[in-house]
Amino acid sequence: MDLELPVVPERTPVPTFDLVIAGASGDLALRKLFPALAHRVAEGVIPRDSRVIGLVRSHDPGDGLMRTVEARLQEEGLSRAQAEAFMPHLEFVRTDVTNPESMTALNERLGPPDRVRAFYLATPPQLFAPASRALAGAGLLDGEARLILEKPLGKDLASAKAINEAVAEVLPERRTYRIDHYLGKETVQNLLVLRFANTLFERSWSQRDIDHVQITVAETVGLEKRADYYDGVGALRDMVQNHVLQLLCLFAIEPPNTLDADAVRDEKVRVLRALRPIHGADVLQRTVRGQYVRGSSNGQAVPGYAEELGRASGTETFAALRCDLDTWRWAGVPIYLRTGKRMGARYSEIAVTFKSVPHSIFGGDRRDGLAPNRLVIRLQPNDGVQMHLMMKVPGSGRLQLVPRTLDLRYDTAFNERTPDAYERLLTDVIRGDQTLFMRRDEVETAWGFVDPIIGGWRDYYATPHRYPAGTAGPSQAVGLIERDGRSWSEPELRG
Ligand SMILES: NC(=O)C1=CN([C@@H]2O[C@H](COP(=O)(O)OP(=O)(O)OC[C@H]3O[C@@H](n4cnc5c(N)ncnc54)[C@H](OP(=O)(O)O)[C@@H]3O)[C@@H](O)[C@H]2O)C=CC1
Ligand SMILES: O=C1O[C@H](COP(=O)(O)O)[C@@H](O)[C@H](O)[C@H]1O
């Protein structure tokens, strides 16, 4: 029996809107935002009169760009008919989003203010403050208009605060949408369902039954064409500060009393505040930095990070951390985080290892042979949930026990296309639902955890350890977990 939940915003209709995207000629818009909107048009979710207005700065907003978008939609998996159905919603305007007069002119092009208005800053974060001032100065943020900010939200706590301050001067928090696209991923949302729609796990979800947790976000891609952004930023700021800590939050939160945006976000902030700080010399024991060197990826030889960059660099492309949450529920349960580029496989998962049985009835020497239960929440690819259990090998001879896996895959459990994260997030903005967006205090608390690590790396000369592309990261990351008598869960990462 399917449960229809009228309170779930996905099921409420999307109102007619004007969505203005600044940075509309950029990689993010072409690869993610337009395809997401086109999928929503194809599903019939987007009202016919809704408009998507792309702002470009140096590009020609003419037919060439329209043709580029139409071609990119098909490269991203939409059919020709689906791409064509999206195009009438789209127009481009060449303008400077930071210029108040230009924004006043834009105001005249938009539909009546009774339509939902949303402004998406898919631009580098240096533009967030001037752009929001220009939009507000032109009256574009009046009424119920929403502002969407793409990550990264600054490069440290001070810059994040400055952006948040500038935005707060022109717009209330309830109309500010900070994107972390991991929150839009189906399996990330399913984490809340797994925990709070099933009693089975919740009763064991604490230090009483859980030994430790590993959160891995491994990528096979390298620098791609993002050197300007990535170098000097690195894996800790790019991935841990946002996506990985958000996964940690959803894994560890106390049950919110509803799915209301602030109820969920209040609980996430509590988790972030409970993170034991890592600073000074702690970084040498509780963190590992890495940078990939020449190796192979998907069977192809690939250059190292410094070769791709064309110069030596101290930026980490891999980070591993041992985190602890100082709460009753999580005391003594280490949470190991690991993320990197050019690793041996692309996957993201949360692996929860339960405690071993306290006593084996299968013979005094058998306890070591009983693998502890493990629950693996796989976010991508092959999204789903796996439970590793001990089983008896059938047969009447000697009693033999082996670990076996219950495997619940999304693609076999549901006969539906898994939408991309941005599909959900963009319509949530239009519907006015902030549950899957980061609140100001969340972002700042996460930076407050990350900043001292970066300071520790600087003060203790923690230069990145080298690891060959196509592997599990530097060997020192193995030491980080083995020191605690545990091991990383995925041998296939070693390439
Ligand atoms: N690409 C991705 O997958 C992801 C990107 N991001 C973040 O999103 C943001 C955009 O990324 P991405 O699309 O890759 O970047 P690109 O460099 O591909 O595009 C940047 C866009 O911003 C516009 N722009 C830059 N400066 C100005 C300005 N002063 N005034 C108006 N527009 C300006 C450019 O316009 P024009 O070309 O017309 O000059 C261009 O459309 C970045 O902060 C990035 O870190 C976050 C997650 C993933
Ligand atoms: O935000 C970012 O995320 C991507 C990884 O996203 P995914 O959905 O492909 O897992 C990462 O490659 C990029 O460096 C980072 O900025």
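Here the Cβ of each residue, glycine as well, is placed from N, Cα and C on the backbone.
Under the heading NADP(+) binding site, TrEMBL lists Arg57, Asp96, Val97, Lys151. Long-range neighbours of Asp96 (NADP(+) binding site) (same chain, six or more residues apart, CB within less than 8 Å of its CB): Arg57, Ser102. DSSP gives Asp96 (NADP(+) binding site) a coil state; it is part of no helix or strand.
Counting every protein chain shown, 22 other Cβ atoms lie within 10 Å of the Cβ of Asp238 (substrate binding site). Among the features that TrEMBL reports, substrate binding site is placed at His181, Lys185, Glu219, Asp238, Lys341.
Annotation source TrEMBL lists domain 'Glucose-6-phosphate dehydrogenase C-terminal' at 192-488.
Under the heading active site, proton acceptor, TrEMBL lists His243. Long-range Cβ contacts of His243 (active site, proton acceptor) within its own chain (separation 6+, distance under 8 Å): Asp180, His181, Tyr182, Val217, Thr339. Under the three-state DSSP scheme, His243 (active site, proton acceptor) falls in the helix class.
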Original post:
What is the total of other Cβ atoms whose distance to the Cβ of Lys151 (NADP(+) binding site) is within 10 Å?
Top reply: 18
Subject >> Integer Cα-Cα distance in angstrom, Lys185 (substrate binding site) to Val97 (NADP(+) binding site) >> reply: 29
**OP:** Report, in whole Å, the straight Cα-to-Cα distance of Lys151 (NADP(+) binding site) from Lys341 (substrate binding site).
**Re:** 18
Subject >> Length of the line joining the Cα atoms of Val97 (NADP(+) binding site) and Asp238 (substrate binding site), in Å >> reply: 25
Original post:
Around Lys185 (substrate binding site), how many other CB atoms lie within 10 A of its CB?
Top reply: 24
**OP:** For ligand 2, pick out the binding-site residues Arg57, Asp96, Val97, Lys185, Lys341 that have a CB under 6 angstroms away from one of its atoms.
**Re:** none
**OP:** Go through Arg57, Val97, Glu219, our binding-site residues, and report the one whose Cβ sees the most other Cβ atoms within 10 Å.
**Re:** Val97
